[in-house]
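For D13, the entry in Swiss-Prot reads active site, nucleophile, with the evidence type sequence analysis. Feature annotation from Swiss-Prot assigns Mg(2+) binding site to D13, D15, D192; the stated evidence is sequence analysis.
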Amino acid sequence: MSKFEDIRGVAFDLDGTLVDSAPGLAAAVDMALYALELPVAGEERVITWIGNGADVLMERALTWARQERATLRKTMGKPPVDDDIPAEEQVRILRKLFDRYYGEVAEEGTFLFPHVADTLGALQAKGLPLGLVTNKPTPFVAPLLEALDIAKYFSVVIGGDDVQNKKPHPDPLLLVAERMGIAPQQMLFVGDSRNDIQAAKAAGCPSVGLTYGYNYGEAIDLSQPDVIYQSINDLLPALGLPHSENQESKND
């Protein structure tokens, strides 16, 4: 008996689950920091900040950059900088800069993970409604899905500005299930991070945790999803479909 035999719809996280968005996000973060004459962070560090939406990303970036600047100045024997702008205002300015730069680099800095398009196509062909739940600012979501040619697979898309409470709160998942016309326990949620699994548990949805993606350096099994997969196309046999062996290039 399949663990997911009662599933009537599937919803996915975006960043770290369907797409590798770290190159574009990191580039935009670093350009915003540079514009404020702050140290740049680099992709490896920015990856550990992804997952809670753009505002939290800016807070994490600014906190790190200010600390890094203080450390560098101390190492060079220079006095600390007294910021004229309060941290809250600096976060707001950083967010405006980030939005501008991310709009310029999002498409060229985002790539589908292997097997994503094949898996979405197979699930759609089976007749399962598919949803997307992301904390990414809503204005960036639709253009990105279109550019990657996966918008056609989703009947429901919820961005970070479409609900008052983002993941790990259950509200976005409950809204997707409602729009699909199914109960939360009939909707499988697939994600790569602690926030995704916590949201699924809170909403009463069964969950799949993927081992790749962005999870603050934690192993996904620590969040105790119902099932853990190494590849997104491992979903297919679990939902009664053949396992796709088609290879997709990250740069396709």
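Glycine is no exception: its Cβ is also placed from the backbone N, Cα and C atoms.
Mapped onto three states, the DSSP output places the residue listed as 'active site, nucleophile' in coil.
Cα separation, D13 (active site, nucleophile) to D192 (Mg(2+) binding site), rounded: 8 Å.
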